[in-house]
Amino acid sequence: MNPRRKSRLSVVLFILLGISVASALVLYALRQNIDLFYTPTEVVNGKNNESHTKPSIGQRIRIGGMVVEGTVERDPKSLKVRFDLNDIGPSVTVIYEGILPDLFREGQGIVAQGVLIEPTVLNATEVLAKHDENYVPPELEAQMQKIHKPMGISDLKNESDRDRQEKQFKEGNQ
């Protein structure tokens, strides 16, 4: 092999090695930041009731479910909160220290992200409250009632006066 080919081959191999190392580092970083989503039943029993798919202790996960009524315990000296989450099966305890979302309450759906410290205990770093897509804050709803009712415009929850009058008119003409 002549020296020119040898130098080209070494440059190509060096570039391929660099790309391989960069790809490996990117994949390693992504693997560290992946938070798999589980329901409380899947945390306890594994996905599809297969025990080898259970999350391991120390793994970062996201868990979604309903806050079990009567399980919210707040520490009066700090922002620490402890509550249980469940779906249709067993419960998982969530420990969180921080300010909870305004929509957080018992019976409400939430998603908690954190590290599994015991088979059924999650140390959460983030808690998100779910709400339906038709949610309107009470202050905004009161404002909408004040503004839209006199105009006969629908307030997203009840039909407007104009809609009712049209319906009565159509029913009367049939």
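Glycine is no exception: its Cβ is also placed from the backbone N, Cα and C atoms.
Note that the coordinates shown come from a computational prediction; the quantities given were computed from them, not determined experimentally.
Here is what Swiss-Prot says about this protein:
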- H131, Y135: heme binding site (BINDING)
- 156-174: compositional bias 'Basic and acidic residues' (COMPBIAS)
- 149-174: region 'Disordered' (REGION)
- 1-8: topological domain 'Cytoplasmic' (TOPO_DOM)
- 30-174: topological domain 'Periplasmic' (TOPO_DOM)
- 9-29: transmembrane segment (TRANSMEM)
Task: Give residue numbers and ranges for long-range contacts of the transmembrane segment (9-29): same chain, 6 or more residues beyond its ends, CB-CB under 8 A.
output: 1
Folded-back contacts onto the topological domain 'Cytoplasmic' (1-8), same chain, C-beta under 8 angstroms, at least six residues removed: none
Message: Within the topological domain 'Periplasmic' (30-174), what mean pLDDT does the predicted structure show?
response: 80
DSSP-derived helix, strand and coil totals, residue by residue, for the topological domain 'Cytoplasmic' (1-8): 6 helix, 0 strand, 2 coil
Statement: For H131 (heme binding site), the nonlocal same-chain Cβ neighbours (under 8 Å, six or more residues apart) come out as L103
